[in-house]
Every structure is written in structure tokens, then in C-alpha cells.
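Enquirer: Below you'll find the structure I mean.
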Amino acid sequence: METNVETSAAVRVDGLRQRYGDFEAVAGISFDVAAGELFALLGTNGAGKTTTMETLEGHRAVHEGTVRVLGHDPHRERRRVRPRIGIMLQDGGFFADLTVAETVEHWRGFTPAARGRDEAIGMAGLAEKAGVRVRQLSGGQKRRLDLALALLGRPAVLFLDEPTSGMDPEARRETWRTVRDVVAGGTTVLLTTHYLEEAEHLADRLAILHRGRIEASGTVGEVVAGHGDRITFRLPERLRVAELPELSGARADISVDGGHTVATYTVNDVGLQAGLYALLRWADEQDVRLDGLRARSASLEDVFLRTAEGATR
Amino acid sequence: MNPAAVLRVARLDLTLLWRNRTALFTVVGLPVLFAGMLVPMRGQEIDGVDGALLQGTGHLGFFLVFAVFMNLVNVFTARREDRTLKRLRGTALTDAEITGGSILTATAMYAVQALALLAVLGAAMGGRLPADPVLVLAGLAGGVAVFATLAFAVSGITPNAELAQLTVLPIMFGCMLGAGVMFPMDGLPEWLQRICWFVPLSPVVEIVRTGYFGQDFVHGAGHASLAFGEGWLACVRSFLVLIFWAALGRALATRWFRWEPRHA
């Protein structure tokens, strides 16, 4: 019996655990991806991204927990799920002796209601390479061909495992445009990437995985919020560290950078605006000049790096 | 399993086989070489029949080792390691359609060889039409099933495509020497003959010769003539051995066959 909740989420992961022998690659994660949404899984190598993707693609059985794609178990009900999903593998091989056009042509035979050959080759941006053997394509061109094959059957759910690795910036932009078009057309996309910029550009929501667990998830704004909004300035010569104020409970971290003593406040709790106001009022009252004053919100990169560092400590 | 999908996979396999010269030589070149070896045997009587025909009917079975067994071990090992099996599995194709397409191509290649060999035997070696063509066909079909399942199993324990040249050798040599392809087994000690019954190719060769010559090639020397239909009775043991190998091959394939490299 499927409830409405189950059918409204295109992808549902609940308490997923995956083990390889003693090693737990995925240690109990849960998330939903709504229909038409682009959800990004971020993480360092070995964080569990690819294992999660391969489980959702139906390549491996679940050890513990449940996963549903379009309301079905992707492994046990592979035949119901596969015709409606598109998969771009991180390390899927090609038949090197086939040309681009032959590859697309054979794959059209394996795909119900497939796009036309020329349309697919056009999507890959390989119209001029149609007669070239796949072994002669560059890494980036192979990724583009891979994407076109994944999109061949106009899938309801598209899995992209590091889709732009090995691409030059132009090809990456081109790929992003294709992915955005697909999402605009109503396709649900699950994407893994090393490139935080990519997630910031494309993702409606994202999750940061580390050692098999979700460390943070939500929209980019939500994930970044409260993760290190920072105010920094150079410590004025005539002040001692002890004389620096508390900003709503936050104390300054002192570091030395380029011969200067630098004070850094992390104002997660009060936020950048209130913290900055308190600091400037204090400076006004003390009549000190704050050189090199900078205030900046955390970026996804800050959150990501902190997550990665957090566990190596 | 959708037959049209199987055919589309088979078409892909055929294209790839044509592009891969090494594989093409295994499937086409080796049989031609072996067929050439029949020429000097012509007219020499062995075991009560013409030597070229005796070996030729042995080759009819033995070609299964090239076209079906070695070919499929190569195909599945190479595709597993270069991740094309995984890619195929990412399409709407079912597992049975993916493997069925490759088996179909291998079987078709084998069928072409078998027909060509029968034609050569008939036209140039003084051969005949098989006494019981259905029995011959049943033996060969059983052989395809056995060697296809063995190929699945062996590909699972073959680390990469280069090593496939080695891992196929025990079964290849076992079949070449122990199944009576080149020479009759009657001269061997009794205990060794009994062991040779259980070489996977032996039942195929026994059934094919019995069906081809219309004589009993299962139960030792003598090779009594059989009336039409009696060949099936003579081959009961052979069919049982075939079923045993198909079941064992299937069990090993289920245990060993893998779709992805071990350290994916």
C-alpha cells in the first residue's frame, strides 16, 4: 500500500546502512528528494556518496533501512524502476570500439521511448564526433556522452555521480545548462559532486556526508547558516588582547597573519549583523580604528572543510 | 525476458566481436585450424570408422570450448573489468536479457561453425548425413548449456581479461585430452576411462558420435549399430552427466559470477 507521502517524494531514504565486510560505508542516513527537485550529496572520498547512489540505482541490496525510488524498492523491483530512471555512473565503461553514433544507436535499442539519435548526440555536444570511436574521446567528452545516454529515455529520476569530473570550465557550464534544463522539465535529479560551486549553482537542497553520516542538510542557505559567520580585523597596536570585547558571548580567536595579530570572531549565535553592530559601537566608544575589517558569511566550502576536519581531529 | 531485447544485445555483441580481432580469431580462426588437421586423417580407419570423421565429430563438440566457453569467459571478464557490464545493467535491460544476448551470439557463432564442419565432413571427408540429427542437436544444445554456465562460473574467478587466457586452460585441455576428441579412450585403463566419462565434453562427444554414425559410442569399443531411436537409450548416461555439469555449472556461476570488479 503506498501512501501519498511516499509517492510525492521521488526518492526516499530512511535509516540506510551499507557495509562492506566490517567497514560501514553508510551508517544510517535519511533524506527525501521531492519530485522535480535537484538534491546534491557532497562529501570527501569515502564519505559514502557513491555507495548511496548505487543503492538508489538498484546496484546493491540494502543492509538495513529502506530506500524507495518512485515508490519502489530499486533493487528488488529493478524491472519496474529501471525504465524510469537514468544513470550516469562515476566509473561506467564504454565499448571503446564503437563510434559515438553506434553507442547511442545501440543504447536506444535498450531504452524504451528513447530520444532520437541526433537529438541525443546533440545533447552530448558531440555532433562533429558522431563517427569517432569512443576510445578517441577526451575524458570530458565521455562524460558528456554518458550524460546523453542517461537522458536517453527521458527519465523521471536522474542519477548523476560526479557528472563534471575531468571537464574543462566551458564543458562544465554546458553540462550545468543541460542539467538545469532537465530539472526545469520536471525531472528529479540526485547529484554527487566534489565541486562545491556545482552544488551551489544547481542544488535546491543538499546533504554533506562524512564517514557515512549526514553532517548537515537543507538548502545552501540553511546549511551555511550558523556555520561560521565571521568578523576579522587586525588588532590595534595600543590594545591588549584582554581588552577586546565579547560580542554577545563570542570571544575573539587570535592568530598571527603576515606579521599582524588578527582577531577573529565567529558569530554563529547572534549573526553577522548584530555582531558587527556590537563591535562597531565598541570601537566607537573606545575610539579605536579597526584596520583590515572584514565580515563575511560562511560559504559552503567553510562548512564542507569544517565537516571534513571535524572527524580527522 | 523480452526476445527483442535479447536480439538487440546479441546485435551489439556481434558488432563488438567483429571489431575485436583476438576474440574473432578464437571464434573463427581456431576452428579453421582444427578443421585443417582433419585432412591427413582422411582414409585412416580408427575405431572402425574413418579417422577424419571420428575426429571431425569430436571437433563438432570441441568447438563449443572455443565459441561458447572461451569466448564467453573473455566477454564477461573483460566487460566486468571495464565496467561495461555495469553500464548495460544501468539500462532498462534485465540481467537475463544482458547475459542471454551474449549467449545467443556465442551460440549462433557456434552453430555456423558446426554447420560448416558438417558440410566439410560431408563434402570432402566422405561423411554422411547424421543418422539421428535430433540426437546430435540435443547433445550439442546440452553442450551449449553446460559450457555457457561454466563460462559464467570461470569468469567470476578470473581477475582480468589477460588472465582469462590462463583460467580457461584446465577445462580446455581437459576437454581436448579427456573427452576422446583426438583419439578413442578404449586403450586407456578402465579406471581412467571412468574418470573421463565425467569430463564435461565427454557426454557431448558420445552423443554426437552416436547420433552421427548410428552406432553406440557410449559403451566402450565395438560400437554396435543401433536402430533409429535406440541411440537415445544408449546415451542415457551421457545425458545424466550433462545434466550434472549443467547443475554444477549453474551452482558455481551463482556463487562466483560478479557484475562488478571486486574492488569497485
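These residue numbers are counts, starting from 1, taken along the chain as shown.
For all residues, glycine too, the Cβ spot is worked out from N, Cα and C.
Nobody curates TrEMBL annotations by hand; they come from automatic prediction.
Checked TrEMBL, it gives:
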| type | residues | note |
| --- | --- | --- |
| DOMAIN | B:14-213 | domain 'ABC-2 type transporter transmembrane' |
| TRANSMEM | B:21-39 | transmembrane segment |
| TRANSMEM | B:59-77 | transmembrane segment |
| TRANSMEM | B:98-122 | transmembrane segment |
| TRANSMEM | B:134-154 | transmembrane segment |
| TRANSMEM | B:166-185 | transmembrane segment |
| TRANSMEM | B:231-253 | transmembrane segment |
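Burial and contacts for the listed features, if you can.
Expert: For the transmembrane segment (B:21-39), the residues of the chain that approach it from at least six positions outside its boundaries are 52, 55-56, 59, 62-63, 66-67, 70-71, 74-75, 106, 109, 113, 117, 120-121, 125, judged by C-beta separation under 8 angstroms.
Counting only same-chain residues 6+ beyond the ends of the transmembrane segment (B:98-122), those with a CB under 8 A from a CB of the stretch are 1, 5-10, 12-14, 17, 27-28, 31, 35, 38, 52-53, 56-57, 59-60, 63-64, 67-68, 71-72, 75-76, 85, 88-89, 128-130, 140, 144, 148, 152.
Below 8 angstroms of C-beta separation, residues 46-47, 54-55, 58-59, 61-62, 65, 69-70, 73, 150, 154, 157-158, 192-193, 195-196, 199-202, 204-206, 221 of the same chain, each at least six residues beyond the ends of the transmembrane segment (B:166-185), sit close to that stretch.
Sequence-distant neighbours of the transmembrane segment (B:231-253) (same chain, 6+ residues past either end, Cβ-Cβ under 8 Å): 131-132, 135, 138-139, 142-143, 145-146, 148-150, 152-153, 156, 197-198, 200, 202-204, 206-207, 210-211, 214, 216, 218-219.
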Enquirer: Which residues of the same chain, at least 6 past either end of the transmembrane segment (B:59-77), have a Cβ under 8 Å from a Cβ in it?
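Expert: Sequence-remote neighbours of the transmembrane segment (B:59-77) are 13, 17, 23, 26-27, 30-31, 34-35, 38, 85, 99, 102-103, 106-107, 109-110, 113-114, 117-118, 136, 139-140, 143-144, 147-148, 150-152, 154-155, 158, 160-161, 163-164, 167-168, 171-172, 175-176, 179, 181, 201, 204-205, 208, 212, 257.
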